[in-house]
C-alpha cells in the first residue's frame, strides 16, 4: 500500500512540476514574443518610412543597381581594377589593426591573468582597461580622430586596433588561464625574467589559440574597416559612399564595389575558417 | 646510424624553429614598414590639426562664456557658448560682468579686468605687462602696442586678438568679443530659463519651494529632463532605441535562423540540395555584410531604428544559421533515439531530444551577440540615422559641441558595458536554469 501510494505521489508531483515548468516556459515565451512584436511596432513607428509601405520597394535599389550595370557590363572589370587599391587599403587597415591589436592584447592579457601577471595587484586595473577598450565602438574613436588627423586610413586603423586590444585581450586571457604553469615555474627556477618566462614558457603553449582568435578578429575587422570608410576613413567604404552619391544611372561603379566587398568578405571568411579547421585537425593528430 | 638520422631531424627542427623565430618578426616588421609608407604616416604630422585637438580637449572639460558687444549699437550680450539658448536675460548677467553703457567692465579674477569701449574695442590691464588698448577707428582696428608685439597678441589691420591665461578677446569692426573659460559642462542640469538654475541639490531637495506653482522635486525633474541644451529626454530615448535595434536584430535573427539551421544541418536535412541551398543563403547573408544591408534597407524603409534592426537581423541570420547548424551537427544521437523509442513524433523528437542539447550553446551565442550588436547598432545608427549613433554624428558635424560628444561617448561606453554585464548575468542564469 505504501508502495503504490508513494509511486502515485511521485507521479502527481512530477506532473505538477512539469505543468508548472510548462506554464513558466509558456509565460516567458509569451512575454518574449509580446516584447518582440511591440518592439518591432515601436521601431516601425519611429522609422521614417514604414515597414509595410517599404517592403514592396525593398528590391528597387538592387534592381536599379543591376539595371545600371547590365548595359555597361563591359566596363565592370575596369571598375573592379580601379577600385582594387581601395579594397587593398581596407584589408590593410584590418590587417595592421589586427596585428597591432593582437600584440598589445597579448601583453595586456598576460598582465591580467592570475598566476602570470607581472604585478598581481594591478590585475583589476588592466581588466577594467580591457573592458573599456572593448566597450568603445570603433566609430566613436574613428570620428574623433578624423576631426584631428583628417580623413584617411590612420584614424580607422587606430580605432579598430583599440577595440581589438579589448576584444582579443579578453579571449587571450581566457586562453592564458588554461596554460600549463610548469614551464613557467621551470624557467623561474633558473632565474628567467618575467618577459623570458612569458615568451618562452607561455606563448608557445597558447600561440595556436591566439592565432585562431586573431584570424577570427581579422575577419570581423575587415567588415569594421569597410564601415568606417563609409563615415570618412578611407578605403572601399569611402569609395562606396562617393559612388552612391552619384545617384541613379551611375550605380555601375557601386555595383563593382559591392562585388569587391562581397567577394573579399566571403574569401576571407572561407580562408580563415579553413585555416582554423586545419589547425584543429593538426592539433588532433599530435 | 639511427643516431645520425635523429641528429639530422633535430637539426632540421632547430633550423625551422630558428627560421620561425627570426623570420616571423621580420615579416611582421616588413609588413609594418610597407604600411607605414602606404598609409603615409610620415605625412600625418603635417595633415594633423593640432589646433583641432586642443579645442577638442579644452571643450571636453570646460566651457566658455561669450561677452559680446555690438560695436555699432554698443549693446552687450552675455551668452554661454554664444548660444541663444544660453543667453542671460538683461539684468541677470553673472556678477563678473558689470553692465554699463559707458563701458562694460568684465572682471576676470587675479587682477585681470577688461573694460569695453562703447565705440568698439577694449582696455585691458594685463598684470605683469601693462595696459593694452584696442580701438576701432573708422574701418581699421588699431592697438596701442608699438614695436614688438608679444606672441599672445595677433593683429592685422581689421582684427586684433588678445589671448591671456584668463580670457580671449577679439575685436573686429563689427564686434568686440570676450571668451572666458570655466571648467565643467555648462547648464548640464538646468538652462538659464529654469528657476532652478544656480540652486544646489540640497536646496532643491530640502529647501523652500523655488517655483511656487510646483513642488521642487517634480519641477526640477521636469526642467532637467526637458533641458533643451542637453536634451536629456531625447538622449535617453536614443539610447533606448539603440538597445532596441540590437535586441530586435539579435533575437529576430535567432527566430529566423533556428528553423533554417535544421534544414542546413547534415544530420537533420533530408535533401542534400536543400542543405546546400540554405547554406549558400547563410553565406550570402553574412557576406553581404551589415554595411550593404543597411544601405539597401535604408533605401526602402528610410532612416530609423527599424532599418537598423532589420540590417542586424539579416546579417546575424547568416551568422546564427552557421553557428546553430554546427551546434546541431554536434548533438548526441542517443538522446534523440531515446525520445523516439517512446514513440515520439518528429516535432516532439526535436523538442525533447534536440533542443535541450543545443539550448546552452544557443543562449550563450545569443547573449554574446546581443552585447556586440549594441555596438553595431551604434555604428549602424550613425549611418542610417537612428539612436545614439545619430546624435553622436550630429554633435560631431557641428565641430564645436565636443562636451556633448564626450557626454554621448561616456553614455555609449556605459550602455555597452551595462549590456555586457546584463547579457553575461542572463547567460549564467539561463544556462544554469536549463
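Including glycine, each Cβ sits where the backbone N, Cα and C put it.
Curation does not apply to TrEMBL; its annotations are automatic.
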Listed range which TrEMBL flags as transmembrane segment, given the options B:265-289, B:290-314, B:315-339: B:290-314
Transmembrane segment according to TrEMBL, located in which of B:235-254, B:355-374: B:235-254
B:193-215, B:377-399 - the one TrEMBL records as transmembrane segment: B:377-399
Per TrEMBL, the range holding transmembrane segment, considering B:163-184, B:405-426: B:405-426
Spatial neighbours of the transmembrane segment (B:290-314) far in sequence, C-beta under 8 Å, 6+ residues away: 241-242, 244-246, 248-250, 252-253, 256, 373, 376-377, 380-381, 383-387, 390
